[in-house]
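Supplied in C-alpha cells, the structure appears directly below.
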Amino acid sequence: MAIEVRIPTILRTYTSGEKAVEGSGATIDELFKDLETRHAGIRERLVDEAAGGELRRFVNVYLNDEDVRFLAGISTELTDGDSVTILPAVAGGTA
Amino acid sequence: MRYDSPLAAVGGTPLVRLPSLSPSETVRVWAKLEDRNPTGSVKDRPALHMIEQAEKDGRLTPGATILEPTSGNTGISLAMAAKLKGYRMVCVMPENTSEERRALLAMWGAEIIPSPAAGGSNTAVRQAKELAERHPDWVMLYQYGNPDNAGAHYATTGPEILADLPEITHFVAGLGTTGTLMGVGRYLREHVPGVSIVAAEPRYDDVVYGLRNLDEGFVPELYDASVLTTRYSVGSEDAVRRTRELLAREGIFAGVSTGAVLHAALGVARKAERAGERADIAFIVADGGWKYLSTGVYTAATDEEAVATLHGQLWA
C-alpha cells in the first residue's frame, strides 16, 4: 500500500533532501514506523513517546489536506493512494 | 444606514449568496463581506474591540504606544483607530508581505519594525514579545492571545450571521489568530445544534516554511480545538485558483486568503451535495483584493502564472 508523504524542509535531512517519500501502513502510526526503517530518526521528531505516542505539539499532520487531530490522531486509518503532509505549526491567516 | 462616526460603522456587513458557485438550491454557499469595514478587513472588529476594552480597564491611557505583531490587516485596523484616538502605533511585520500593506500602515502613521521573512509570523510574534519586555510602558494588545479578539466575533460577527441565516449548517473561516473561528464558533454552537465549524489554514511554499523549527512552533493562545469540527490545510494553488474563480463567477474581488477559505467551503458543499443533505454554508471574506494587486494574481493569464507570482510571499 503506497502513501505519499510530503516532508517539510526542516526534516529533509532524514530523507536525503527528498520533498516527498513513499511509505506504507494501515494507520498514521504504522506509516511513521515504516518511514523510520528507511529514514532513521524521523519518527522521534514527529511522535512524543513520553506523551503516550501522540503527535508532538508543534507538528501538524494532514491526511488529504485534513488535520488528523480531527480524525483519529495518530491512529487515523489510511487507504492506498492517500496523501499525507507534515508541517510545522505556524502563526498564519490574515492576522 | 447612519452612524455617529466612522469607527461606529465597524461590522454590520452584508451576507450574500453565491448563485453561481453554490452547487444547488439545497446546498447554498454564502459570503460574509468583511471587506466592507472601515479599513477594508475583518480585523476592524477585533482591533477596535481590543482597544476599547483596554481603555475601559485602564491598560490603555492617553498618549500610549501600542505594539502588535501583524502580517498587515490587524496593524492597519489598529493604526487607523490609534491615529483617531491619539496613540502611537508600532507594528512588527514579516518583511515578505506586500508593498501595499507597508504603504497603508505608513499612511496611518504606524511605525514598522520588519521581522525576517524566513521566520514568518512566528518570528514576528517572538520579536514583539521581546520588544514588549524591553518597553514595559508599551501596550501590546496581542491578538493571538487576547480574549477580546474572539470576544469581538462572539459579540458581533456570530449574531449577525445567525440573524441573516438562521438555517446555517456550516461556518468556514481562515485560521490565523483563530479569533474569528473561536468567537463565531462558540456563538453558533450555543445557538445552532449540530452546526459545523470548519477552519481553513493557509499552506505556503517551502520557501516560507524554510527554517521553521519543529520544536519552536507556534499555536495561538486563543486556540481551542474543541470549538472546531475540522481543519483543512489549503495550498497556494487552490487558494489562488479559487480567488480568481470568485472574481470571474461571482464578481467578488477578494484577497488570496479568501480563496483558501472558499476552497474549504466548496469542499464542504460538495460533500453535502453527494450525501444528498441540505447545507447552508457561510464563509468569511476577510479582505478585498486591493492589497494584493501588485502580486499580479488577478491579471495573470493563467492560474499557473498567478501561483508563480506568489512564490515565497505570505499571502494570508
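Each Cβ is built from the backbone N, Cα and C atoms, and glycine gets one as well.
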According to TrEMBL, B:Gly176, B:Thr177, B:Thr178, B:Gly179, B:Thr180, B:Ser257 bind pyridoxal 5'-phosphate; which of B:Asn37, B:Asn73 is also listed for that site?
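Pyridoxal 5'-phosphate site check in TrEMBL: besides B:Gly176, B:Thr177, B:Thr178, B:Gly179, B:Thr180, B:Ser257, the record includes B:Asn73 out of B:Asn37, B:Asn73.
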If you count the C-beta atoms lying within 10 Å of each candidate's C-beta, which of the binding-site residues B:Gly176, B:Gly179 ends up with the smallest number?
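B:Gly176, out of the binding-site residues B:Gly176, B:Gly179, has the fewest neighbouring Cβ atoms within 10 Å.
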Summarise the model confidence on the domain 'Tryptophan synthase beta chain-like PALP' (B:9-287) as a single mean pLDDT, whole number.
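That stretch averages a pLDDT of 93.
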About how far apart, in whole Å, are the alpha carbons (Cα) of B:Asn73 (pyridoxal 5'-phosphate binding site) and B:Lys43 (N6-(pyridoxal phosphate)lysine)?
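One finds 6 Å between the Cα atoms of these residues.
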Report, as a single number, how many Cβ atoms besides its own are within 10 Å of the Cβ of B:Thr178 (pyridoxal 5'-phosphate binding site).
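A 10 Å sphere around the Cβ of B:Thr178 (pyridoxal 5'-phosphate binding site) contains 30 other Cβ atoms.
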How would DSSP class B:Asn73 (pyridoxal 5'-phosphate binding site) in three states?
helix
Across all chains shown, how many C-beta atoms besides its own are within 10 angstroms of the C-beta of B:Thr180 (pyridoxal 5'-phosphate binding site)?
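Within a 10 Å radius of the Cβ of B:Thr180 (pyridoxal 5'-phosphate binding site) lie 31 other Cβ atoms.
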